[in-house]
């Protein structure tokens, strides 16, 4: 970390004698460090999830339009859709947008599953560099793609960037005050809103998707600048924190012995909290909520669904200081009820207006964002300091696994529903 490189050590005598400790930082310096870290983690959350969200927002475009040899953009702002299944009331693509969701999440899942085995060999700085490079590569590859396969390869790069970054930065929060968790969560919510809104707004304004994606190349650069230039050394927060952070980055996330739990907290936490993040996501089925009695095209409807969902996520992930929820399992239950309700509407088509769906999707985003931030906040409160880094990295696996399963289930469900007249 750039801020760590130039930090002062508290122990410098070569013979091991303790030097006189440095005086405590003045209040203004302490507040300055607090806000630098708060803004730093917010920007890291924003930049880390940005490419992931943009690829989801572009999912319908990636799969539903022809590629022509003379077209430098993988989709025009207002293209003529291919009549994949004109007999279906859902205006289906030949391939579900769940294919993009899977390409956007499976590499992340693999990274999180393999992280305990080998990620400890890399310190934090090289991980962040790889994450930034992959994010930039995803934008370039999709922007200049002429085929679905190449575009999906770009989506995979976005997934690698997001997955590696999430494991890295959530683990890094263990060496900073607990407050940075809420800032990180708010930043990830901001990525959802700004990513979906920027793709929707720029394409609606007349930019080609190629120009839109290339204009987002500043986001990976901001990620690197936030980590290397903005964050302060962990040493400023906790004596020995810098050395602890760098050494912990090289330690296996899973040791030879299972970590001991706090009595009455960690063991129950792993069952209760992980159920909350192991929930079915509805993003893969949004494309089937298609309304013909509106001026919005199918692609525009899908982009609005994504933007409203991410707006709800951003609002609730930023609400930890105002509202904290201990029984997060209730949020998962409400999400399941939402899923059942919208599936019933897809089947029976009883909702008369797309604006009712807009409200439901916004509500779903509020539930999802609240579940995320409160789950990680509760973990931070209920795990011991030495186990918090492992708990943060391990718990985010269940969230990714839930999204992956939703994508896998959405593929056959999409084909079944599209066969209905």
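From the backbone N, Cα and C atoms, a Cβ is placed for every residue, glycine too.
Automatic prediction, not curation, is the source of TrEMBL annotations.
In TrEMBL, the transmembrane segment annotation falls on 98-122 of the listed ranges 23-47, 48-72, 73-97, 98-122. The feature transmembrane segment, as given by TrEMBL for the ranges 3-21, 212-230, sits at 212-230.
Residues 41, 44-45, 48-49, 51-52, 54-55, 62, 99-100, 103-112, 115, 119, 124, 127-128, 130-135, 137-142, 145, 181, 184, 220, 223, 234, 237-238, 241, 244-245, 248-249, 253, 376, 380, 385, 388-389, 392-393, 396, 400 of the same chain lie 6+ residues outside the transmembrane segment (152-175) yet bring a C-beta within less than 8 angstroms of a C-beta in it. Between the transmembrane segment (181-200) and the transmembrane segment (354-373) there are at least 3 Cβ pairs closer than 8 Å, counting only pairs 6 or more residues apart in sequence, which means the two stretches are in contact. Count of Cβ pairs under 8 Å against the transmembrane segment (128-145): among 212-230, 327-348, 354-373, the largest is for 212-230.
Within the same chain, residues 1-3, 36, 39-40, 43-44, 47-48, 50-51, 54, 58, 125, 128-129, 131-133, 135-136, 139-140, 142-143, 161, 165, 198-199, 202-203 sit at least 6 positions outside the transmembrane segment (212-230) and bring their C-beta atoms closer than 8 Å to a C-beta of that stretch.
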